[in-house]
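Right, one structure below, let's go through it.
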Amino acid sequence: MARASTDEKIDDIQVEERIGIVEEGVGAGGESVHITENSPNHDGGRRSTIELAMDRRAALADVDNAEFSWFHAKVCVVAGVGFCTDAYDIFAINIASTMLGYVYGTNGELTANQDFGIKVATPVGTLVGQLFFGWVADLVGRKRMYGAELMIMVVATFGQALAGQGDAVSIIGALVVWRFIVSAGIGGDYPLSAIISSEFAATRIRGRMVTAVFASQGWGNFLAGLVAFIATVAFKDSILASPTNSPMIHVESVDAVWRLFVGIGCIPAVAALYFRLTIPETPRFTMDIEKNIQQARADIKVALTGKRSDSFDKNAAVVRLQAPEATWSDFLRYFSQWKNGKVLFGTSWSWFSLDIAFYGLNLNTTIIIQAIGFNVKAVPTSPLDIYENLRNICIGNMILAAAGLIPGYWMCFLFIDSWGRKPIQLMGFIVLTILFVILGFAYDKLTQDSTKVFVFLTCLANFFSNFGPNTTTFVIPGEVFPTRYRSTCHGISAASGKLGAIVAQVTFAQLRATNGGNKFIKHIFEIFALFMVTGVFSTLLLPATENETLEVLSGENQDTFIGGTSRPQHNHTVQA
């Protein structure tokens, strides 16, 4: 016991020597006073230094050990509604492009370049949004940006629904621009929702909280098909009554359908906007970036208990600690170490390789829909053909979402905190490798003689994408980086995934078009299998994150974190 007591005193002295403090207050004459302290001889310095370190650890412990509360549920719902909207907008374009072909296309379809432009604008815009919002959220705060990306989505969604055709600009060109803008907002939602959920979550439920947010994508995908189906059925009589002797027989009917269908997508975003704008800043950002422990402790009490701290005085002097600053030199110093750099590479490559296959599976949507009994005519010859095509596409998309995507998300939710992120991701990549090998080398036989087996294996691939790397690649980057770079690195990882989606939509679609159409798809599946193998190896670079605090996973020594990179000098600055 005596030895323990001595060690604790030594630790306190060492902590005191490593910590610098900045005090801000109001002078006697009302002026702003900034006092920097780094000496134990400063009046109250020794006591304040030790208390500051203890306050930070106690605040982190309050968050990490908190019971699941209404506030945690609120974070999941508010972030989840946004992600539901994201998925709605992302997957809606696949259905909307078919409708656009019936309205503005030639022979009932858009040209290859028009279809490509509308669809590729989505991942390109998302990539830009992920990088930009990820970086800015580390710079100015999660709260300041949370809601901004949602407002961009709302405005751009209205812009899509109201876009018009003119002599100076085509509606397809206008939609490409609006798709890019709305997707930039969607991209911003990735790092912001993941980081806010992760930094507010208790350690033992962190995986489930972040997964619950991401799983809302499944419902957004399903709702896109459902709303499009309802809109199509609502305009059935109008579609069937269209004249059959005009090349534009469907303008007045289908044009209204796609505008209504796309425009409805902003309603959930509007509903969630107020709650996003009023959500408090995460305590980890307040402590480690703004370096205001008192404010962080007050915010934690409000979040977890719903009660404001009576002891917190906003006009009192603010004691700020010295902690590592986010600079380019510090970024390079941190990630130049293999133990840290390999983690960023692992999260980025895993997401890249997964999204190549995940978005590449969309190349087979029409084949699958026809295989399950919902025939889609390539060239409709009557208003009835148009109506049945749209109805069948909507129903087929809902079936695919319900059969593989949604169950996969929630199976992952059940096991992510008990089994762990890394084992689930490894399992997913291995199973997907096997499935793509089968789908590739047996493609001809499956599509000709065993279409039901082909559909089952494709749904299984969707299931193990979500009960596997599609979910874990979203969760892990929100856990394994320091607070000052957490959002930036999540944005980099997510943008790597969208780069994979661009590769899938551009390269594979082109290969399919120039190498025999559906006959080349079997080789695309074989390429998918190769990328899944690389995902296995990139996953091995990642740490196990379950039951570990974010500070432990950051790879930084928390005993030397405060004052670890900068030592303020004695100075007293008085601003009149």
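Placement of Cβ uses the backbone N, Cα and C atoms for every residue, glycine included.
Bear in mind that the values here come from a model prediction, so they are computed numbers and not experimental data.
Annotated features, as they stand in TrEMBL:
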- 75-547: domain 'Major facilitator superfamily (MFS) profile' (DOMAIN)
- 209-236: transmembrane segment (TRANSMEM)
- 256-277: transmembrane segment (TRANSMEM)
- 394-416: transmembrane segment (TRANSMEM)
- 422-443: transmembrane segment (TRANSMEM)
- 524-544: transmembrane segment (TRANSMEM)
Non-local residues, at least 6 beyond the ends, that sit with Cβ under 8 Å of the transmembrane segment (422-443): 350, 354, 357, 412, 415-416, 454, 457-458, 460-461, 464-465, 467-473, 476, 521-526, 528-529, 532-533, 535-536, 539-540, 542-545
Leading stretch by Cβ pairs under 8 Å, where the reference is the transmembrane segment (394-416) and the options are 209-236, 256-277, 524-544: 209-236
For the domain 'Major facilitator superfamily (MFS) profile' (75-547), the mean pLDDT of the predicted model: 87
